[in-house]
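As annotated by TrEMBL, [4Fe-4S] cluster 1 binding site applies to Cys37, Cys45. The [4Fe-4S] cluster 2 binding site annotation in TrEMBL covers Cys46, Cys49, Cys54, Cys68. Residues or ranges marked as [Ni-4Fe-4S] cluster binding site by TrEMBL: His261, Cys296, Cys334, Cys447, Cys477, Cys527.
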Amino acid sequence: MNLRFSIDEAVQQLLPVAEKEKIQTVWDRHKDQQPQCGFGKMGVCCRICWKGPCRVDPFGNGAQRGICGADAHTIVARNLIRGIAAGAASHSDHGRHIALTMQEVGKGNAPAYKIKDEEKLKRIAQRLGIDCEGKSIRELTKEVAEVSLEDYSRQDSKVPCRWAELTMTEERAAKLKQWDVMPHNIDATVAEIMSRTHVGCDADPVNILLGGVKGAVADYTGMYISTELSDALFGTPTPTVTEANLGVIREDAINIAVHGHNPLLSEMVCDAAAMMNDLAKQAGAPGGFNVVGVCCTGNEVMVRHGVPLATNYLSQEMPILTGALEAMVVDVQCIMPSLGAIAQCFHTQLITTMPTTKIPGATHIQFETETAIESAKKILELAVEAYQRRDPKRVNIPQVKEKAIVGFSAEAVVGALSQLDAHDPLKPLLDNIVNGNIQGICLFAGCNSTNTLQDRNFVELAKRLAADNVLLLATGCGAGALAKHGLMTQEATMEYAGDGLKAVLTAIGQANGLNGPLPLVLHMGSCVDNTRAVSVAVAIAQKLGVDLDRLPLVASAPEAMSEKAVAIGTWAVALGLPTHLGTVPQVLGSQVVTEVLTEKIKDITGGYFIVETDPEEAAKKLFAVIQEKRAGLNL
Ligand code: BF8
Ligand code: SF4
């Protein structure tokens, strides 16, 4: 009955509960906002100074310039790159938090944390040009953190961010430098976007957009730091079997959802839950503590530890509506402010943990690196307390969940391939791309949006591209969507993969003792983990001796919504990837900006945006691009 909002059956089961209890959900509020402002949707509303707001009539009937004289192109471009700056700030703040924690680990000041993957730490050190000879793990930890932090503090604008320059192909790095879009300092690049878009600065839309590309590469840099340092601290993901969707919430357990992005907190909650399980049993919950994930921190603990995923972004209110969630613990980003009010309708404790993310109605337990485990324990005690208030009559857990095989870091992918060719692991993958068993690769990333039917674009596109023998990778809420709908299983491979893809996934799966194929979609992790896909792509490009824009590789954010997604999409384009958006970006008010993003930027980076809201059409377009790239390689 609620198919017009979401194809997720668990959501469909809970929406009538919300209606009955008179609880507003994201979809009700979306309806209340209709009709939404057409100027805003087209990006031609400017609120940069207090002479405004100004708006430009995109159809030429009304004002064509704001009060200061900015035209639609300037206004649209400025609005867009301010979004990129916010995205870059979010991802790189996350990276900074991890790097600072790692520095404390190196100094011996963070007892709850340690380096779980020493080999990865050494690989990172080598990549960063750090001499490992004779150094202890403690010393290396500190040095890796400090060299990474230099990407936030370097003042010499001629020296590029190391985490950007050293993680892409040489040709790509040279190209970005040539166009002056290679950042030297993440923070300075974000600040530069804010300053160049102040009233009366940059008015040239192309120059503004190039500033945005630089911001997006800064975003990439911060994301890379987040992923790689998290792997060293918490372990590099390896394939693991788990489950996804609201059915992972258990009636017999004290359920705690970790929500947000930063694994520094969610890792501690998982550790504390394991340590304190008896406390939950003593409180009358035979199932003990049950930690489940929401959004990207959910993905982080899912790919590293197999923690089940309750849901993705758009349905984040639903775990509370089950009436069986004792605590929702949040850190930063993509946390709906509505959770405060909804939690108050139930016994659920909403717990905020970061000084920059407080929500009315929540209990705040400040999270500090030095006392991390104590905070996690306090959180669990609050959950136990809340459990005493759970009303069994209001428990309504949709029995909907799917198995999901997750945890495909770049290392795990190469590891799986090495079972086919230990000396040259990438060879079997390349051979199968060359012989056409695999036509190309698509990375699914990004959010959910109320502007689409939740999860539908991901699921439709994935099924269609798989049938066309496209290898599928996924991160973020895209991965959440595909996991919830059972596409991260061996059965999905048997059902939906084209013959060539099925044969390759089966050969790899068999060689790895899986007694069947790899799952249809490989879950690489959270949004920051899009960099894992880049590292696989860079390895392929280097082996073929070509740059990234020559590969039959595309990205798709079919339900994009957040500023972080704008930043990611833009760096994907900067790296040379044709990048699909299934929601309409707020740029259509400027023909110049629209043309640059969908066509002209191709001449600079080889990448460009493809906007297509219909998943069937999008699949056709992406497949056509893959064919064009194959032809370019004489395949
Ligand atoms: O960083 S995919 S809705 S949760 S922004 Fe947010 Fe979008 Fe989800 Fe993760 Ni990414
Ligand atoms: Fe209007 Fe210009 Fe101020 Fe924007 S910066 S609000 S266009 S006067």
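Cβ coordinates are placed from backbone N, Cα and C, and glycine is handled just like the others.
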In sequence order, those binding-site residues of Cys37, Cys46, Cys54, His261, Cys296, Cys527 whose CB lies under 6 Å from ligand 2: Cys46, Cys54
Cys37, Cys46, Cys68 as binding-site residues, winner by CB count within 10 A: Cys46
Nonlocal neighbours by CB distance (under 8 Å) for Cys49 ([4Fe-4S] cluster 2 binding site), same chain, sequence gap 6 or more: Cys68, Val199
Rounded to the nearest Å - Cα separation of Cys54 ([4Fe-4S] cluster 2 binding site) and Cys45 ([4Fe-4S] cluster 1 binding site): 6
Among Cys447, Cys477, Cys527 [binding-site residues], residue with fewest other Cβ within 10 Å: Cys447
Residue, out of the binding-site residues Cys296, Cys334, whose Cβ gathers the largest set of other Cβ atoms within 10 Å: Cys296
Most crowded position, judged by CB atoms within 10 A, among Cys45, Cys54, His261 as binding-site residues: His261
Rounded distance in angstrom between the Cα atoms of Cys334 ([Ni-4Fe-4S] cluster binding site) and Cys37 ([4Fe-4S] cluster 1 binding site): 23
Cα-nearest neighbour of Cys447 ([Ni-4Fe-4S] cluster binding site) within the listed binding-site residues, Cys37, Cys45, Cys46: Cys37
Distance-selected binding-site residues near ligand 1 (C-beta under 6 Å), from Cys46, Cys68, Cys334: Cys334
Cys45 ([4Fe-4S] cluster 1 binding site) versus Cys477 ([Ni-4Fe-4S] cluster binding site) - Cα distance in angstrom: 29
Sorted by sequence, non-Cys46, Cys49, Cys54, Cys68 residues with Cβ within 8 Å of centre, [4Fe-4S] cluster 2: Arg47, Ile48, Lys51, Gly52, Pro53, Gly66, Ile67, Ala70, Ile75, Val199
